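K.L.:
Let me give you the structure first, and then I'll get to my questions.
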C-alpha cells in the first residue's frame, strides 16, 4: 500500500467532485455544505457539533486556555487508531484518517490534506473552518491571528510526539504565546460515557511455530545491546504497540487491521515490566510470561494507566532510559530528567525487529504464497465476471477478502482494501464504500491494493489490470511503472545503502518522458504485525538497507480524472552474488502474482528487464502452481499458466536503461549513503 506522503494537489478536489457525476462548484452541490448562504446549507451527512464544542469550551475555561489542539493519533503514535482514540473525528464529525483540529473561544478549524477535502465538506457543519495547508507553521500562523499575546494553547502531551511538541513550543514561545501540557484529555471529559471503552479482547501468545525467536531470546538480545551501548542505559522504554507485541510474541485486536493491544514495556537490566490491562491475560498466558516469579526473566504485569507514574518513580534512582524518539509521546518524555535520557530515533527493538531472521523470512514467504492464491483466484474471477456488469468496487473488495478468508492462518485484512476503477484509481488512497462506488468495466483500468494478516506474516500487493483495449498511453505508462518496479527489484547496491539513495531507480523510466508519482516508493512490512513497518523503506528517516529486511516496492502513475496505475511487490533484502569480492545487496521478490500482459509494451523493455520478468513468471509457476494443483483449483491454475507464458521481444528497445540509469540517478542524488 502506498504510504500517505501524497502531495496536497488541488486537482484532487476536482477528481472527487467528478467521481460520481459531472463536476459542479461546491456551492451548487447538494452533497457538501455551503456556509456562505443564509441559513447555511448542510447535507444529511453533516454532523451537528454545537453541543460538544460548547462543552469543550467550558472545559477550556477551567484551564484558562485560549485554544486547544486535537490531533488524530493515540498515545503510541500509531498509524491506525482504535475507536476510543477517535477524538478528532468525534469533535469535528469528520472521520477521515488524517487531520488536526484546533478550537478557540470563538472558532474551530480543521487542517487536512487533499485526499479528504470533499469528505470534510460533506461531514462537518458550519461550526468548522476547513484549512488545506497542513503544517505546524500554518496552524501556528492561524493561532496567532486568533489568540492574544500571552494566550495559552492547551494540548494532551500523550498525543504529541516529541518533535511535534518542540515545533509548536518554539513557534508559540517566539510569538509570546504559551503551549500548556494538560495530562487530562479535555475531549475525553466532554465525550464522557459515550466514549467507546478500551478494548477488552484476550491478549494471547503466538504459537511457537509462528515466532521467529522466543521472547526470552529477544529480551536477552536487547539487554546485550544495552550493555554494549556507549552510554550504558539501564532500561529501554517501548512505546510503539508493535514493539511490545513483537518482543513478547503477544497479539490481540485493539487496533483496526493491526493485531496489537494497548501496552508499554519498561525493560531494565534486571526486570521486565509490561503495562497493560491485567484482566485480559489468561492463566496460560500468565504462565507463558513467567509472571509469578521475580527473577530477571519474569514479566511483571502493571496497569496500563500507571506508566507515567512508574517512569517518574524509576528515574528517581541512578538510571538511564533508552528511548526511540519517533514513537515516544511527549507525555512520557517530559517526566524523564534530560540527564537520564538516552535518545535515538528508533528503539533497539524497532531496529532489531526490522531485520528478520531465517525463520521469520521463511514464515513471511509462506504467507505470500497463500496470499498469491487468494489474489489469483480473485483476478481470475474478475476476468470472468466483470464483462457481465455485475461487479462494483465495493463488492470486489469484499470478494477478495472472502478469498483470503479461505486461506490457512488468515486473521483479517492488513488495511482497508483500495479497489478503484477508472478515474477513482487516480486517487492514490481511495477506498469504496457501500454507498459510494463505481461499477467495474471492461473499458477501464482497475487498481487493487490489498493485503492480509496471517499468523505467519503480513502481506500487501497491488496489481492494475484492464479487461478491454487499453490506449497506447495507458500501455506506455503501465510499462514504465513496471520497468521502475523491475529496475529497483533487480538492483545491486552496496550494503548499508540508504533506501532514499536508490529510490530514483523506480522513477527513472517515468522521468524519462516527464511522468512521476507523488507517494512513497516503499515501506517495511512485519510478521503478523504492521503493514507499514518502520523504519524500513525509501524515505528520509528510514534506516540503511540490511540483509533480512522486507520492503514493498511500489511505483505508480496517476492520470488526473482518468486512471491510476500502481504495481506493488514485497521484497526481501538478500546478499547479491557479484563477480568481484565485496558486500553487496539486492532484492528477492516474494509477492507471486503476474502482471497484466495486455498492458505491457514489450518493445519498451530491455533484454535484461525481459529476462527478469520471465524468470519471475517462472518462479510464480513453480511456487504457486503446485498449491493451486494440490487444492484442485484447476481453473485458476489454467489462468496462471496463461498469464505467465514467457514474453518475447517484438521490437528492439529504444533505449537501454542499464548504465545510463545508474549514472543519472546517482548523479541526481549525490550517492550519499
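Cβ atoms here come from the backbone N, Cα and C positions, even for glycine.
Sharing the record's features from Swiss-Prot:
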SIGNAL    1-21  signal peptide
CARBOHYD  34  N-linked glycosylation site
CARBOHYD  48  N-linked glycosylation site
CARBOHYD  64  N-linked glycosylation site
BINDING   115, 429, 523, 532, 554  substrate binding site
CARBOHYD  277  N-linked glycosylation site
CARBOHYD  290  N-linked glycosylation site
CARBOHYD  294  N-linked glycosylation site
BINDING   449  Mn(2+) binding site
BINDING   449, 460, 568  Zn(2+) 1 binding site
BINDING   460, 523, 554, 568  Zn(2+) 2 binding site
LIPID     649  GPI-anchor amidated alanine
K.L.:
Report, as a single number, how many Cβ atoms besides its own are within 10 Å of the Cβ of residue 649 (GPI-anchor amidated alanine).
P.N.:
12
K.L.:
Specify the nearest of the binding-site residues 115, 449, 523, 554, 568 to residue 294 (N-linked glycosylation site), where nearness means the distance between Cα atoms.
P.N.:
523
K.L.:
Which has the fewest other Cβ atoms within 10 Å: 290, 294, the glycosylation sites listed?
P.N.:
294
K.L.:
Which residues, sitting 6 or more apart from residue 48 (N-linked glycosylation site) on the same chain, put a CB under 8 Å from its CB?
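P.N.:
When sequence neighbours closer than 6 are ignored, residue 48 (N-linked glycosylation site) has 93, 125 within Cβ distance under 8 Å.
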K.L.:
Per DSSP, to which secondary structure element type does residue 460 (Zn(2+) 1 binding site) belong, with helix, strand and coil as the options?
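P.N.:
In the DSSP reduction, residue 460 (Zn(2+) 1 binding site) maps to coil.
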K.L.:
Which whole-number value in Å describes the distance between the Cα atoms of residue 532 (substrate binding site) and residue 649 (GPI-anchor amidated alanine)?
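P.N.:
Rounded to a whole number, the Cα-Cα distance is 37 Å.
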K.L.:
If one measures from the C-alpha of residue 523 (substrate binding site) to the C-alpha of residue 449 (Mn(2+) binding site), what distance in angstrom results, rounded to a whole number?
P.N.:
14
K.L.:
Taking only the Cα atoms, work out how far residue 429 (substrate binding site) lies from residue 449 (Mn(2+) binding site), in Å, as a whole number.
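P.N.:
On Cα coordinates alone, these residues lie 9 Å apart.
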K.L.:
How long is the line from the C-alpha of residue 277 (N-linked glycosylation site) to the C-alpha of residue 115 (substrate binding site), rounded to the nearest angstrom?
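P.N.:
Distance between the two Cα atoms comes out at 36 Å.
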K.L.:
Which site among 460, 554, 568 has the most other CB atoms no more than 10 Å from its CB, taking these as binding-site residues?
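P.N.:
It comes out as 554.
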K.L.:
Whole-number answer please: how many Å between the C-alpha atoms of residue 290 (N-linked glycosylation site) and residue 568 (Zn(2+) 1 binding site)?
P.N.:
42
K.L.:
So which of the glycosylation sites is most packed in, judged by how many other Cβ atoms lie within 10 Å of its Cβ, out of 64, 277?
P.N.:
277
K.L.:
Distance check, please: Cα of residue 64 (N-linked glycosylation site) against Cα of residue 115 (substrate binding site), rounded to an integer number of angstrom.
P.N.:
35
K.L.:
Using a 10 Å cut-off, grab the number of neighbouring Cβ atoms around the Cβ of residue 523 (substrate binding site), all chains included.
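P.N.:
Residue 523 (substrate binding site): 28 neighbouring Cβ atoms within 10 Å.
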K.L.:
Given the recorded positions 34, 115, 649, tell me which ones have a C-alpha lying within 10 Å of the C-alpha of residue 449 (Mn(2+) binding site).
P.N.:
none
K.L.:
With residue 34 (N-linked glycosylation site) as the reference Cα, tell me which of the recorded positions 115, 460, 568, 649 is the closest one.
P.N.:
115
